[in-house]
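Novice: Found this in TrEMBL, in case it helps:
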type   : residues : note
DOMAIN : 332-403  : domain 'ACT-like'
DOMAIN : 426-495  : domain 'ACT-like'
Amino acid sequence: MDVRLWEYLQRILTARVYDVAVETPLERAEKLSARLGTPVWLKREDTQPVFSFKLRGAYNKMVRLPADQLARGVVCASAGNHAQGVALSARRLGCRAVVVMPVTTPRLKSDAVRGFGAEVVLHGDSYSDAYQHAAELGAANGLTFVHPFDDPDVIAGQGTVGMEILRQHQDPIHAIFVAVGGGGLLAGVAAYVKAVRPEIKVIGVQMTDSDAMARSVRSGERVRLNDVGLFSDGTAVKQVGEETFRLARELADGFIEVDTDAVCAAIKDVFEDTRTVLEPAGAMGVAAVKQYAAEHGPHIGSLVAVTCGANMNFDRLRFVAERAEAGEGREALFAVTIPEERGSFRRLCEVIGRRNVTEFNYRISDERVAHVFVGLAVTDRGEAAATGRAFTESGFAALDLLDDDLAKDHIRHMVGGPSPLASGERLYRFQFPERPGALVKFLTSMHPDWNISLFHYRNQGADYGRILVGVQVPDATAFRAFADTLGYPWVDETENPVYRLFLR
Ligand SMILES: Cc1ncc(COP(=O)(O)O)c(C=O)c1O
């Protein structure tokens, strides 16, 4: 065995982490295993006291500092999980901790760090600015810098995750999937696994827009990225560590890159199995397991994903829930073009048939044709493609928007605006119990002589669906009579000033 590997094995076996960390469970994800046709196991690092594995490395580093160094205190730079690991460890060891965070850090996170008794210094716009400032503060005040990943004691602390997995699962394991930012977790897990059970593959997982380690390993030297995607903030690192690079390059069996939609879908998968919401970095391993199983087929053997964090901003959930459907291919999105004539809306509804509508947006804008933004619930990408063909066969041009970020992030919220063609339009808002077919029932019961000039509906996962509809009715009383027969609560919004400001 390589001398350095032997040294890491020793460091990991003697790492001190359990004063603050717990041995987390390795749980079988039943639903995901059944879906993928191979056993999937989750190493539940999201259940640590600070909701991520990061306290293992931070504590192992700090507890080993000579007493006089510890007495002077420590400093670190972090916008998230490492900060909490350092702060909790400092409280346990009774030492001073200064945490430099970018000024853009959400209050929730800086408050959590202060809650552990650490001093928070807000500095700079980015992690790099905070890092620079932390190094300066450390030098000026005699504080020891605790690196988030590029330190043998930090790597060894994270390596205890690998040690626990092998102890908890003594049957064969095909591969372990580890999210990578700076590479501390990957390096530690790989060092232990390759020393003890080298036949198990250790696979690093990166975001497609933040893949410094995969690129560095490919090019044989550490590369620095100019920009990194921030969705998975835990792994948004521009340059990996020297030591983590050396270990990952030697020991990792490969890398898998996953995208935002796949990570959102993985957050949902883990929620369905455990009722826990992971943060994006925490779900990357699961997204990679799914990708790997899809490529290698079922019955491949046990796949372990480290679910490494759950520090999720609550206000991100809406985005995650929306993208999870797209990531699974369970929502198909189309721009469907239909003739601007009476009855064509209804014909469109007939093609949609009994499929569940998730979104329906339209604003009159052309005398000849209408472009409708349509979302439909489907079981997979195959059904989405079949639905696209069904539109085309019925004479409606349909543009598939599933992989179009412009459509998913912006255009769906922008369908609308004033139209010179909307003369005589009246605006109504309806509420109806959310159930399959309810929207199509509403559309098909409209009087064929009324032209629909505006329509907005988005399934929000609520018990009631909300529809906004603009109709060109010669007589408002006739529409009221129709609306009353539907039996759903409704409001006439024609005189609402916001309608006049944005839609007339
Ligand atoms: C939840 C989570 N996952 C993964 C990582 C990446 O760890 P590393 O920098 O050791 O690669 C981090 C780092 O902070 C994290 O917080």
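Including glycine, each Cβ sits where the backbone N, Cα and C put it.
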Novice: Could you tell me the mean pLDDT the prediction assigns to the domain 'ACT-like' (426-495)?
Specialist: 83
Novice: Which residue counts does DSSP give the domain 'ACT-like' (426-495) for helix, strand and coil?
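Specialist: Residue counts for the domain 'ACT-like' (426-495) by secondary structure: 18 helix, 28 strand, 24 coil.
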Novice: Looking only at the domain 'ACT-like' (332-403), what are its DSSP counts of helix, strand and coil residues?
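Specialist: Residue counts in helix, strand and coil order: 22 helix, 28 strand, 22 coil.
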